[in-house]
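Engineer: Quick one: the structure is below, questions incoming.
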Amino acid sequence: MKIGHQFHTVALVGRSNTPGIAEPLASLAACIAKRGFEVVFEADTAQAIGSAGYPALTPAEIGARADVAVVLGGDGTMLGMGRQLAPYKTPLIGINHGRLGFITDIPASDMREVVPMMLAGSYEREERTLLEARIVRNGEPIYHALAFNDVVVNRSGFSGMAELRVSVDGRFMYNQRSDGLIVATPTGSTAYALSSQGPILHPQLQGIVLVPIAPHALSNRPIVLPDDSKIAIQIIGGRDVNVNFDMQSFTALELNDTIEVRRSKHTVPFLHPVGYSYYATLRKKLHWNEHPSSEEDDDA
């Protein structure tokens, strides 16, 4: 068993527009408070579920006051809160109340048993990297964003292919005609990048992956770069090209705009139950080894 820091103030975050989430959040809050922890709620979550009796805080206030944030929702909720809390190094615990649950790894049915043990110090910790990106137009930055999973440059559904000029560390890599290009973290390698035939990167691998989306030339393949690489993607052709960050914020691009992407100085601590295995997550979520030869193999 790995014993870590015991927490005092716990922030609860939920996907506020999800039907049926109020009861499990209230139940978890009561369970945690009964064990002597101070419980606060993220403000939008508190408003949506009517969490009377608990302080309601903005993400910035959570970062300044809470020792840990427990997120009940899907991967998107976890990504959004991770980006907002990244500057504060607030650890995150993810409870899956969505569909896939790659990064919300605790089943909701187990939360009342597992979460209190983790808050008492029984957990495994890992750091997840983020990307920071900026859009440069006519030599001036016009937009900045963080991305937990990926930065995606792509065409709209009704326009032709995008033409992109890609450079790494100031050196020309290639011109590419495609539906777009994904720049992904190891965490994001199991998201959109995976569906575009990109490789899976272990979360502790120091890398950034570039994955073309439906490239015109079959020789345009994914490539893994060192995570200190500085990537520049210039729009040199195409109509209605845009860029999105974790599929949660979007910006329209113009000809000759450049998207500059690099690893963020921020990392986000993820906390897992003792015995957590990334390989078990892959096996379960991607349906690997559906007919294991033994129970021992299945539990590894």
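Every residue gets a Cβ built from N, Cα and C, even glycine.
Quantities reported herein were computed from a predicted structural model and do not represent experimental measurements.
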Engineer: Asp75, Gly76, Asn149, Asp150, Arg177, Asp179, Thr190, Ala191, Tyr192, Ala193, Leu194, Ser195, Gln248 show up in Swiss-Prot as binding NAD(+); which entry in Ala56, Ala133, Ala214, Ala232 does that record put in the same site?
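Structural biologist: Site partner of Asp75, Gly76, Asn149, Asp150, Arg177, Asp179, Thr190, Ala191, Tyr192, Ala193, Leu194, Ser195, Gln248 for NAD(+), according to Swiss-Prot: Ala214.
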Engineer: Provide, as an integer number of angstrom, the distance between the C-alpha atoms of Leu194 (NAD(+) binding site) and Asp75 (active site, proton acceptor).
Structural biologist: 15
Engineer: Which number gives the other C-beta atoms within 10 angstroms of the C-beta of Thr190 (NAD(+) binding site), all protein chains shown included?
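Structural biologist: Taking every protein chain into account, the count is 24.
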Engineer: Taking Asp75, Gly76, Asn149, Asp150, Arg177, Asp179, Thr190, Ala191, Tyr192, Ala193, Leu194, Ser195, Ala214, Gln248 as the record's NAD(+)-binding set, what's the max Cα pairwise distance in Å, rounded to a whole number?
Structural biologist: 31
Engineer: What is the interatomic distance between the Cα atoms of Thr190 (NAD(+) binding site) and Asp75 (active site, proton acceptor), given in whole Å?
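Structural biologist: About 12 Å separates the two Cα atoms.
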Engineer: Please report the Cα separation of Asn149 (NAD(+) binding site) and Asp75 (active site, proton acceptor) in Å, rounded to an integer.
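Structural biologist: Distance (Cα to Cα, whole Å): 10 Å.
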Engineer: Given the binding-site residues Arg177, Tyr192, Ala214, find the one whose Cα is closest in space to the Cα of Asp75 (active site, proton acceptor).
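Structural biologist: That would be Tyr192, nearest by Cα distance.
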Engineer: Do you know which of the binding-site residues Leu194, Ala214 has the most other C-beta atoms within 10 angstroms of its C-beta?
Structural biologist: Leu194
